[in-house]
(Lines of atoms letter the chains of each structure in order from A and count residues from 1; the text may use other names and numbers.)
(Lines give C-alpha, C1' and ligand atoms only; values in the text may rest on other atoms or scores of the structure.)
Protein backbone atom coordinates (compact mmCIF):
# COMPACT_ATOMS: atom_id res chain seq x y z
CA UNK A 1 0.00 0.00 0.00
CA UNK A 2 1.18 3.52 -0.82
CA UNK A 3 0.45 6.08 1.85
CA UNK A 4 1.06 9.81 1.48
CA UNK A 5 2.27 11.54 4.64
CA UNK A 6 0.90 15.06 4.92
CA UNK A 7 4.14 16.74 5.97
CA UNK A 8 7.43 18.00 4.62
CA UNK A 9 9.22 16.79 7.76
CA UNK A 10 11.77 14.06 6.97
CA UNK A 11 11.98 13.13 10.69
CA UNK A 12 8.26 12.34 10.74
CA UNK A 13 8.58 10.30 7.53
CA UNK A 14 11.36 8.24 9.09
CA UNK A 15 9.32 7.63 12.25
CA UNK A 16 6.22 6.67 10.28
CA UNK A 17 8.22 4.28 8.08
CA UNK A 18 9.57 2.55 11.19
CA UNK A 19 6.14 2.37 12.83
CA UNK A 20 4.14 1.42 9.71
CA UNK A 21 6.47 -1.31 8.54
CA UNK A 22 5.55 -2.70 5.14
CA UNK A 23 3.71 0.47 4.08
CA UNK A 24 5.28 2.53 1.29
CA UNK A 25 5.34 6.05 2.80
CA UNK A 26 5.69 9.04 0.49
CA UNK A 27 6.07 12.75 1.22
CA UNK A 28 4.36 15.18 -1.15
CA UNK A 29 7.74 16.68 -2.07
CA UNK A 30 8.97 13.20 -3.06
CA UNK A 31 6.59 13.46 -6.00
CA UNK A 32 6.99 17.15 -6.73
CA UNK A 33 3.81 18.21 -4.93
CA UNK A 34 3.93 21.57 -3.21
CA UNK A 35 2.29 21.16 0.20
CA UNK A 36 2.10 23.72 2.99
CA UNK A 37 -1.49 24.17 4.23
CA UNK A 38 -2.15 26.84 6.83
CA UNK A 39 -2.77 25.19 10.19
CA UNK A 40 -5.63 27.32 11.51
CA UNK A 41 -7.19 24.76 13.85
CA UNK A 42 -7.50 25.25 17.59
CA UNK A 43 -6.80 21.57 18.33
CA UNK A 44 -4.40 18.88 17.17
CA UNK A 45 -7.34 17.04 15.56
CA UNK A 46 -8.47 20.11 13.60
CA UNK A 47 -4.95 20.72 12.25
CA UNK A 48 -4.44 17.05 11.33
CA UNK A 49 -7.76 17.09 9.46
CA UNK A 50 -6.79 20.28 7.62
CA UNK A 51 -3.57 18.64 6.43
CA UNK A 52 -5.19 15.30 5.54
CA UNK A 53 -8.00 16.90 3.53
CA UNK A 54 -5.63 19.29 1.74
CA UNK A 55 -3.30 16.51 0.60
CA UNK A 56 -6.12 14.08 -0.21
CA UNK A 57 -7.68 16.68 -2.51
CA UNK A 58 -4.36 16.76 -4.42
CA UNK A 59 -3.51 13.04 -4.65
CA UNK A 60 -6.88 11.25 -4.32
CA UNK A 61 -5.06 8.38 -2.60
CA UNK A 62 -4.72 7.27 1.06
CA UNK A 63 -3.22 9.95 3.27
CA UNK A 64 -1.96 10.02 6.83
CA UNK A 65 -1.59 13.33 8.64
CA UNK A 66 -0.57 14.14 12.14
CA UNK A 67 -0.46 17.17 14.29
CA UNK A 68 1.54 16.99 17.43
CA UNK A 69 3.15 19.17 20.00
CA UNK A 70 4.06 19.64 23.61
CA UNK A 71 1.64 20.91 26.25
CA UNK A 72 3.25 22.26 29.42
CA UNK A 73 1.00 22.65 32.45
CA UNK A 74 2.92 25.56 34.01
CA UNK A 75 2.57 27.47 30.72
CA UNK A 76 -1.19 26.98 30.51
CA UNK A 77 -0.85 24.15 27.99
CA UNK A 78 1.43 26.09 25.67
CA UNK A 79 3.06 25.72 23.21
CA UNK A 80 0.27 23.23 22.30
CA UNK A 81 -0.89 23.49 18.68
CA UNK A 82 1.70 26.25 18.20
CA UNK A 83 4.66 23.99 19.09
CA UNK A 84 6.20 24.11 15.60
CA UNK A 85 5.83 27.90 15.42
CA UNK A 86 6.44 28.71 19.09
CA UNK A 87 8.43 31.88 19.59
CA UNK A 88 8.43 32.82 15.89
CA UNK A 89 8.04 36.57 15.41
CA UNK A 90 7.95 38.91 12.44
CA UNK A 91 9.58 36.54 9.98
CA UNK A 92 12.16 35.23 12.49
CA UNK A 93 11.69 31.47 12.69
CA UNK A 94 13.31 29.81 15.68
CA UNK A 95 15.13 26.51 15.23
CA UNK A 96 14.50 23.60 17.61
CA UNK A 97 17.37 24.53 19.91
CA UNK A 98 16.11 28.12 20.19
CA UNK A 99 12.56 26.91 20.92
CA UNK A 100 13.90 24.64 23.65
CA UNK A 101 15.89 27.49 25.18
CA UNK A 102 12.79 29.73 25.10
CA UNK A 103 10.75 27.07 26.94
CA UNK A 104 13.50 26.53 29.51
CA UNK A 105 13.74 30.28 30.07
CA UNK A 106 9.95 30.49 30.58
CA UNK A 107 10.15 27.57 33.03
CA UNK A 108 12.84 29.17 35.20
CA UNK A 109 11.79 29.05 38.84
CA UNK A 110 8.62 27.03 38.18
CA UNK A 111 8.01 24.08 40.50
CA UNK A 112 5.26 22.53 38.35
CA UNK A 113 7.10 20.94 35.42
CA UNK A 114 4.65 18.30 34.13
CA UNK A 115 4.10 18.17 30.40
CA UNK A 116 2.93 15.85 27.67
CA UNK A 117 3.55 15.31 24.04
CA UNK A 118 0.27 14.93 22.15
CA UNK A 119 -0.12 13.35 18.72
CA UNK A 120 -3.32 13.20 16.72
CA UNK A 121 -3.18 11.10 13.55
CA UNK A 122 -5.78 11.18 10.80
CA UNK A 123 -5.92 8.35 8.27
CA UNK A 124 -7.95 9.37 5.24
CA UNK A 125 -8.69 6.52 2.84
CA UNK A 126 -11.44 8.35 0.90
CA UNK A 127 -13.53 11.46 1.37
CA UNK A 128 -15.94 9.49 3.58
CA UNK A 129 -13.53 7.02 5.27
CA UNK A 130 -11.60 8.96 7.89
CA UNK A 131 -10.09 7.47 11.05
CA UNK A 132 -8.56 9.39 13.95
CA UNK A 133 -6.33 8.44 16.88
CA UNK A 134 -4.87 10.60 19.64
CA UNK A 135 -2.17 9.55 22.12
CA UNK A 136 0.06 11.23 24.68
CA UNK A 137 3.45 10.72 26.27
CA UNK A 138 3.67 12.16 29.79
CA UNK A 139 6.89 13.73 31.02
CA UNK A 140 8.56 16.50 32.96
CA UNK A 141 10.32 19.55 31.54
CA UNK A 142 14.03 19.03 32.26
CA UNK A 143 16.27 21.79 33.64
CA UNK A 144 18.46 21.67 30.54
CA UNK A 145 18.63 19.72 27.26
CA UNK A 146 20.03 16.18 27.27
CA UNK A 147 20.57 13.74 24.42
CA UNK A 148 21.29 13.83 20.74
CA UNK A 149 18.46 11.69 19.33
CA UNK A 150 15.00 12.61 18.16
CA UNK A 151 14.05 16.14 17.18
CA UNK A 152 12.06 19.15 18.33
CA UNK A 153 11.43 19.29 22.07
CA UNK A 154 12.79 15.75 22.71
CA UNK A 155 15.96 16.97 24.54
CA UNK A 156 13.97 18.84 27.22
CA UNK A 157 11.30 16.25 28.05
CA UNK A 158 12.40 13.93 30.83
CA UNK A 159 10.62 10.58 31.20
CA UNK A 160 10.78 9.38 34.83
CA UNK A 161 10.01 5.78 33.79
CA UNK A 162 13.19 5.68 31.70
CA UNK A 163 15.18 8.15 33.81
CA UNK A 164 16.22 9.98 30.64
CA UNK A 165 14.93 12.48 28.12
CA UNK A 166 13.12 11.48 24.95
CA UNK A 167 16.27 12.48 23.03
CA UNK A 168 18.23 9.87 24.99
CA UNK A 169 15.91 6.99 24.02
CA UNK A 170 16.86 4.56 21.30
CA UNK A 171 14.71 4.80 18.15
CA UNK A 172 13.07 1.49 19.10
CA UNK A 173 12.17 2.76 22.59
CA UNK A 174 10.88 6.05 21.22
CA UNK A 175 8.73 4.33 18.61
CA UNK A 176 7.16 2.11 21.29
CA UNK A 177 6.49 4.72 23.97
CA UNK A 178 6.27 8.14 22.33
CA UNK A 179 3.00 9.87 21.53
CA UNK A 180 3.54 9.34 17.79
CA UNK A 181 4.72 5.76 18.31
CA UNK A 182 1.61 4.81 20.29
CA UNK A 183 -0.78 6.57 17.89
CA UNK A 184 1.07 5.12 14.89
CA UNK A 185 0.84 1.60 16.33
CA UNK A 186 -2.95 1.98 16.53
CA UNK A 187 -3.09 3.19 12.92
CA UNK A 188 -0.84 0.29 11.84
CA UNK A 189 -3.18 -2.18 13.56
CA UNK A 190 -6.16 -0.52 11.87
CA UNK A 191 -4.49 -0.75 8.45
CA UNK A 192 -3.94 -4.48 8.96
CA UNK A 193 -7.66 -4.96 9.59
CA UNK A 194 -8.76 -3.01 6.50
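Placed from the backbone N, Cα and C atoms, the Cβ positions cover glycine too.
In TrEMBL this protein carries:
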- 67: active site, proton acceptor (ACT_SITE)
- 7, 8, 9, 10, 11, 12, 68, 151, 152, 153, 154, 174, 179, 180: substrate binding site (BINDING)
- 38, 67: Mg(2+) binding site (BINDING)
Exercise for review: Counting other Cβ atoms within 10 Å, pick out the least crowded of the binding-site residues 11, 179.
Suggested key: 11
Check your understanding: What three-state secondary structure does DSSP assign to the residue listed as 'active site, proton acceptor'?
Key -> strand
Practice item. If we count other C-beta atoms within 10 Å, could you say which of the recorded positions 38, 67, 154 has the fewest? Key: 38
Check your understanding: Fewest neighbouring Cβ atoms within 10 Å: which of the binding-site residues 9, 68?
Key -> 9
Practice item. Would you mind listing, in sequence order, the residues at least six apart from residue 7 (substrate binding site) in the same chain with a Cβ closer than 8 Å to its Cβ? Key: 13, 27, 51, 65, 66
**Study point:** Shortest C-alpha distance to residue 67 (active site, proton acceptor) - which of the binding-site residues 11, 154, 179
**Key:** 179
Practice item. Starting from the Cβ of residue 152 (substrate binding site), draw a 10 Å sphere and report how many other Cβ atoms land inside it. Key: 21
**Study point:** residue 179 (substrate binding site) in three-state DSSP notation
**Key:** helix
Revision key, fill the gap. As a whole number of Å, the Cα atom of residue 11 (substrate binding site) is distant from the Cα atom of residue 38 (Mg(2+) binding site) by 20
